[in-house]
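Working notes, beginning with the structure itself.
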Amino acid sequence: MNHLAWIEISKAKIAHNIKTIREINGPNTIISPCVKANAYGHGLIETTKILIESGVEWLSVNSTEEAQRVRSAGINHPILVIGFVAEYELEKIFDLNLRLFISNINYAKKLSDLGKSRNQTANIHLKIDTGMHRHGVLLEHSSNLAKEILKLPNIKIEGLATHFANSDDPLNPAYFNRQLEKFKIAINNLKKIIGHDLIIHCHKSASVLLSRDNIGNLIRPGISVYGYYPGPDVAKLTKEKNMILQPALEFKTIVGQIKNIPENSLVGYGCTYKTTRPTTAATIPVGYYDGYDRKLSNKAYVLVNGKKAPVLGRICMNVTIIDITDCGHVKSGDEVVLIGQQQSEIITVEQLADWANTINYEIVTRLRESLPRFYI
Ligand SMILES: Cc1ncc(COP(=O)(O)O)c(C=O)c1O
């Protein structure tokens, strides 16, 4: 591999994860996987193509910019923009044939006016805020909003959606259940007001995996598509049901310079590590710029020759120093695993998240977008 650092992605594992999600939800549920944030670090376009080969019907992106990239790759699947769309971007909704969330009448009017001037109709999904208190219209204002939107000529209410705040905490289900109840009330009210069939969606990975309520006919799974669980409790309960996701991504680099340094040598910026023995140190050409979090300094290890090589001192922007004293014969150019398996050792995304005091979502989405990605 003639690269300093790269990411390998298994097509079969992504396909397996989609199959698992499909089995849980049945054949009639539309899967609209989240490919936002560079497909959770897996590479927007290539991953989207794998997902389409795996049978997903829709795509969820964060922004019109991501949608533009998907369309430019010749992909014509329905796209739902689940993030904020600014007024200056509304033309793109029509240009690119996108669906978007709406929770505000002034905004809806602008969209309709634009549609009128173009002789086009926008498909929108009403986003109900049932308790996340991020995007969306509060339940108590949702019926009025729907009635106002129905008066607008160039907008069609195609769907209803909400988003859960803590569906990844199945041991404390009260708030989730409250949100679900509110959503059910909204659906009941709005169906009567709108009067035609609607696409209804609320589930992301946690509630998809735990099948916590089969409400709706579309799901928006993100992290699970890529083989990771949204938290340890969801992981435990999902695995107990014998549904095992497969992490799709490995992050690799090569050994750079190797050098023997004496006992009691200080290593790296800030001199935060002191060797406790004569040490064979090596550099790897990966740093926090690549998404190898600086909080991993003095905590993480990588794999060299199937053995653990601890990170020594602070992670630099483009370089990390590792201890290869116990890794046997190592030469410059040898493969190093930062995430993934080497012989019998594995470093998981969750392990890195634990070391860096964050979540698996942040580890994968921060992987530098311009790193070469290989789909195997
Ligand atoms: C609106 C919306 N739906 C679905 C998802 C997917 O969540 P997950 O990755 O936990 O499946 C997200 C993730 O941030 C989201 O913001």
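Each residue, glycine too, has its Cβ placed from N, Cα and C.
Nobody curates TrEMBL annotations by hand; they come from automatic prediction.
Bear in mind that the values here come from a model prediction, so they are computed numbers and not experimental data.
Listed in TrEMBL for this protein:
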MOD_RES   K36  N6-(pyridoxal phosphate)lysine
ACT_SITE  K36  active site, proton acceptor
BINDING   R134, M317  substrate binding site
DOMAIN    248-376  domain 'Alanine racemase C-terminal'
ACT_SITE  Y269  active site, proton acceptor
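If you measure from the Cα atom of R134 (substrate binding site) to that of K36 (N6-(pyridoxal phosphate)lysine), you get 17 Å. DSSP assigns M317 (substrate binding site) to coil in the three-state reduction, placing it in neither a helix nor a strand.
Here the Cβ of R134 (substrate binding site) has 10 other Cβ atoms within 10 Å, regardless of which shown protein chain they belong to.
DSSP gives R134 (substrate binding site) a coil state; it is part of no helix or strand. In the three-state DSSP classification, K36 (N6-(pyridoxal phosphate)lysine) falls within a helix. Cβ neighbour count for M317 (substrate binding site) (all protein chains, 10 Å cutoff from its Cβ): 10. Sequence-distant neighbours of K36 (N6-(pyridoxal phosphate)lysine): residues of the same chain at least 6 apart with a C-beta under 8 Å from its C-beta are S60, V61, N62, S63, E66, I82, G83, G222. Reported as a whole number, the C-alpha separation between Y269 (active site, proton acceptor) and M317 (substrate binding site) equals 11 Å. Using DSSP to sort the residues of the domain 'Alanine racemase C-terminal' (248-376) gives these counts of helix, strand and coil: 22 helix, 47 strand, 60 coil.
All protein chains shown were included, and the count of other CB atoms within 10 Å of the CB of Y269 (active site, proton acceptor) stands at 13.
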